[in-house]
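Asks: Dumping what Swiss-Prot says about this protein:
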type    : residues               : note
DOMAIN  : 200-308                : domain 'Fe2OG dioxygenase'
BINDING : Tyr216, Arg299, Ser301 : 2-oxoglutarate binding site
BINDING : His231, Asp233, His289 : Fe cation binding site
Amino acid sequence: MPAVLSSVLSNITDFVVHEGNGVKGLADMGLQSLPKQYIQPAEERITTSTVIVDDTIPVIDLSEWGSDPKVGDLICEAAEKWGFFQIVNHGVPLEVLEEVKAATYRFFRLPAEEKNKHSKDNSPSNNVRYGTSFTPHAEKALEWKDFLSLFYVSDEEAAALWPSACRDEALTFMRNCDAVIKRLLKSLMKGLNVTEIDGTKESLLMGSKRINMNYYPKCPNPELTVGVGRHSDVSTLTILLQDQIGGLYVRKLDSDTWVHVPPINGAIVINVGDALQILSNGRYKSIEHRVIANGSNNRISVPIFVNPRPNDIIGPLPELLESGEKAVYKNVLYSDYVKHFFRKAHDGKETVDFAKIN
């Protein structure tokens with residue numbers, strides 16, 4: 001083993017986390033085997049026995065959205081039965097999708113010292129964060145992923161703080177998704193018989209947004225690790241753009257089996273987050289998902305997390321309780337909920353249980 005590689009492997013945390021090399025830096029060294037710090041327990045790895053190969057999440061064509069009420073019904077049904085669906089003919093131009101994917105690669109190909117300017121230790125703002133894995137300080141086994149997280153406050157802040165390698169493309173992608181997000185949420189609220197989205201509800205549903213750029217390098221021994229461990233999102237909705245490599249798996253409702261989300265050119269993946277599960281009093285399902293590592297290809301994805309504001313109180317919507325439903329969840333300060341999620345390693349649906357009424 002070359003001396004440089006031996007030195008890196010003896011102190012992976014410094015190299016990967018503190019020096020900003022990320023897991024991409026490890027992969028670029030031509031590793032022949034997976035470092036022990038990334039080996040996941042057997043129960044956290046996906047196996048062929050737990051995957052259903054002839055099933056997948058719904059694909060919904062939005063081309064008739066304005067004229068056909070069945071489209072809204074399909075959206076609500078998918079949110080109830082799957083918590084995940086793909087949308088096509090959504091109105092976001094294909095070139096916008098391709099440009100934000102290219103910008104993601106451009107950022108992660110920057111030198112480590114350039115990316116590290118945006119790390120937890122160096123970034124001038126908590127709203128811009130480059131990192132690796134999920135919560136390295138709390139994980140027994142690391143995840144094979146690097147990320148850039150950009151919390152949107154204003155165009156002015158983005159211009160000042162977001163990395164120039166991907167800033168314009170990330171903003172353009174977010175702007176182009178805004179109309180789709182609003183229409184999705186309007187359809188989902190209609191399915192709950194909530195017909196008016198006032199200022200308070202708009203804040204609860206889409207008061208804040210964060211866009212992530214995720215990079216999953218080619219991995220030695222991919223079967224021993226994960227790109228992302230089992231979790232559900234803390235968002236209201238997540239709008240995910242994935243590339244053509246594949247690797248996203250979704251747990252089928254009320255089962256221990258998983259289905260692959262096949263890449264469809266031009267499609268966007270939508271999933272219900274914990275906040276919407278709580279707001280809908282459990283009607284819409286925030287489902288566990290995970291990403292496998294890949295031994296042959298690098299993979300990227302670009303999710304937009306649509307969230308309540310940090311100081312919003314989330315709980316079952318009043319309209320649902322007024323109709324006689326019993327509350328399944330308590331009211332929770334959203335920032336407390338998010339802190340609970342980020343203080344620990346990925347652990348499936350444990351966070352949403354934190355909000356349940358015992």
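From the backbone N, Cα and C atoms, a Cβ is placed for every residue, glycine too.
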Asks: Is it possible to get the count of other C-beta atoms within 10 angstroms of the C-beta of His289 (Fe cation binding site)?
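Replies: Excluding its own Cβ, the number within 10 Å is 25.
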Asks: If you compare CA-to-CA distances from Asp233 (Fe cation binding site) to each of the binding-site residues Tyr216, Arg299, Ser301, which comes out shortest?
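Replies: Comparing Cα positions, the closest of these binding-site residues turns out to be Ser301.
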Asks: List the residues in the vicinity of the 2-oxoglutarate site, defined as same-chain residues other than Tyr216, Arg299, Ser301 with C-beta within 8 angstroms of the site's C-beta centre.
Replies: Lys145, Asn214, Tyr215, Gly227, Gln242, Asp243, Ile245, Gly247, Val291, Asn294, Asn298, Ile300
Asks: Neighbour count first, Cβ atoms within 10 Å, every protein chain included; then name which of His231, Arg299 tops the list of binding-site residues.
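Replies: Selected residue: Arg299.
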Asks: Of all the binding-site residues here, Tyr216, Asp233, Ser301, which one's CB has the most other CB atoms within 10 A?
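Replies: By the 10 Å Cβ neighbour count, Tyr216 comes out on top.
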Asks: I'd like the per-state residue tally for the domain 'Fe2OG dioxygenase' (200-308) from DSSP, helix first, then strand, then coil.
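Replies: Across the domain 'Fe2OG dioxygenase' (200-308), the residues distribute as 16 helix, 43 strand, 50 coil.
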Asks: Whole-number answer please: how many Å between the C-alpha atoms of Ser301 (2-oxoglutarate binding site) and His289 (Fe cation binding site)?
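Replies: Roughly 14 Å, rounded to the nearest whole number.
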Asks: Would you give the longest CA-CA distance, in whole angstrom, between residues of Tyr216, Arg299, Ser301, the set recorded as binding 2-oxoglutarate?
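Replies: 9 Å is the greatest Cα spacing among the residues binding 2-oxoglutarate.
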Asks: Could you measure between Arg299 (2-oxoglutarate binding site) and His231 (Fe cation binding site) for me? Cα positions, answer in whole angstrom.
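Replies: Roughly 19 Å, rounded to the nearest whole number.
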